[in-house]
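Following: one structure in structure tokens, then a few remarks.
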Amino acid sequence: MSSLRFPENFLWGAATAAYQIEGAARDDGRGPSIWDTFSRTPGRVHQGHTGDVACDHYHRYAEDVALMAELGLRAYRFSIAWPRIQPDGTGPVNPRGLDFYDRLVDALLARGIDPIVTLYHWDLPQSLGDRGGWTNRETAEHFATYAAATYGRLGDRVDVWTTLNEPWCSAYLGYGSGVHAPGEQDPAAAFTAVHHLLLGHGLAARALRAAGARTIGITLNPADVRPADGSSAADAAAVRLVDGLHNRIFLDPLLAGGYAEDVREHVGRIVEPTFVRDGDEKLIAAPIDLLGINYYQPTYVAGRPDGAGGGGAYPGTDGAVEFLPPVGPLTDMGWMVEPAGLTRLLERIATDYPGVPLLITENGAAYPDKPGADFPGGPSQVLDTDRIAYLEGHLRAAHEAISRGVDLRGYLVWSLLDNFEWAEGYRRRFGIVHVDYLTQRRTPKSSARWYQEVISRNGL
Ligand code: IFM
């Protein structure tokens, strides 16, 4: 295959999230989050796994940062655990919680690694969950207060601030299908949460801007929605509906001034959208400096009157849409491998929502990663050639988007470490670094060494 160069200053890095790696669930005054509660509820998470210990990154961050430096990472995207900063979600700030991120940021900067902060990666303080979580408008206001407090401590050293990670998951998986915390199955609640998450973004972005933040963004997981049959009008209608519910319901208010009429109508058939108040859309549409894109696989749909729809994750699609099962080769999550979907998605967003720089804030794959026979003694080896192929394919796809004119600023692999994969627990391994959860030993996989080379060559 031909060699490829990425633009100068292309940002190479890796991403993680607090609840998935930190552990130390009760240390230094951290309060409980909805994920602590959810993972302790029987039947919610594979084998009752929790984030109590995870990768113990809270105590091993220095070792992890040293590893990042060894791999040559230029950027590290991590999330801040709101329950460490405000254990109850409101009220006084817990300085010991902020101290941890202070130490982490300093360690990164000392190694020349740019910190990229995500303020919310799903670990809502349980006290706010008890008051309705994201179905309660006040949660959005509290989020802005927390964002400002965090910026107050770290803003002198962190340039890039993103508000939410994948609000689609928080809203639809948390309140629609119930496979994520808080585990509700209520379509009206899911749409209410969508709006309050966007409002939380808008309020937090405004607070960050007022405090002097330079680069403010949000990370979405937009879907590359494809028709089963490109010549079918019914399939095109299904694409439009799913695109509205998954993509445009976020992208339009963020980047085009407000919700689209067809999306409003669809939502209005399920819930009277009284939660959208005057001024909300204007606030949400305030300009951002960066849009984070998380991409893993495409979504194929067909328009069918007897279609089962997408369940709680796509309210109101039953009797209209059939979601096609993924076709192989599949990752360990059962997800399709289709790098071209990344090119299409980046190009589509750059075309329909021009003017905002894009950053791939997550891309990667879970594979079973059987360690070599000499593991864990002797020289360790985890030969994850399938992951290398996945990453290489997607980097080529990202490069293709750049060559078609997309303003793509960087690529962050998901994930630095094997970690707690939400409802799947620890059984799915996304890391380029293997974690032995019994010993907490870290072993860079072949993909980590391959990625190190990519970074050092700034290309493939
Ligand atoms: O692990 C998650 C991450 O927290 C959010 N984006 C998708 C990843 C893989 O499922």
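Glycine too: its Cβ is placed from the backbone N, Cα and C atoms.
These features come from TrEMBL:
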type	residues	note
BINDING	GLN20, HIS121, ASN165, TYR296, TRP414, GLU421, TRP422	substrate binding site
ACT_SITE	GLU166	active site, proton donor
ACT_SITE	GLU362	active site, nucleophile
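Across the structure, TRP422 (substrate binding site) and GLU166 (active site, proton donor) are spaced 14 Å apart at their Cα atoms. All protein chains considered, the CB of TRP414 (substrate binding site) has 24 other CB atoms within 10 Å. The local packing around GLU362 (active site, nucleophile), expressed as other Cβ atoms within 10 Å of its Cβ over all shown chains, amounts to 25. Rounded to a whole number, the distance between the Cα atoms of the residue listed as 'active site, proton donor' and HIS121 (substrate binding site) is 8 Å.
What surrounds the substrate site, by Cβ distance within 8 Å of the Cβ centroid and not counting GLN20, HIS121, ASN165, TYR296, TRP414, GLU421, TRP422, is the set ALA17, GLU166, GLU362, SER415, ASN419, PHE430 from the same chain.
In the three-state DSSP reading, HIS121 (substrate binding site) counts as coil.
Cβ contacts within 10 Å of GLN20 (substrate binding site), excluding its own Cβ and spanning all protein chains shown: 26. In this structure, GLU421 (substrate binding site) belongs to neither helix nor strand by DSSP; it is coil. Across the structure, GLN20 (substrate binding site) and GLU362 (active site, nucleophile) place their CA atoms 14 angstrom apart. Of all Cβ atoms in the protein chains displayed, 24 besides its own lie within 10 Å of the Cβ of TRP422 (substrate binding site). Between the C-alpha atoms of GLU166 (active site, proton donor) and TRP414 (substrate binding site), the distance comes to 14 Å. Look at the residue listed as 'active site, proton donor': DSSP puts it in coil. For the recorded positions GLU166, GLU421, the largest tally of other C-beta atoms within 10 A is found at GLU166. TYR296 (substrate binding site) sits 8 Å from the residue listed as 'active site, nucleophile', taking the C-alpha atoms as the reference points. Our reading of the substrate binding annotation (GLN20, HIS121, ASN165, TYR296, TRP414, GLU421, TRP422) yields a largest Cα to Cα distance of 18 angstrom.
Note: the Cα of TRP414 (substrate binding site) and the Cα of GLU362 (active site, nucleophile) are spaced 5 Å from each other.
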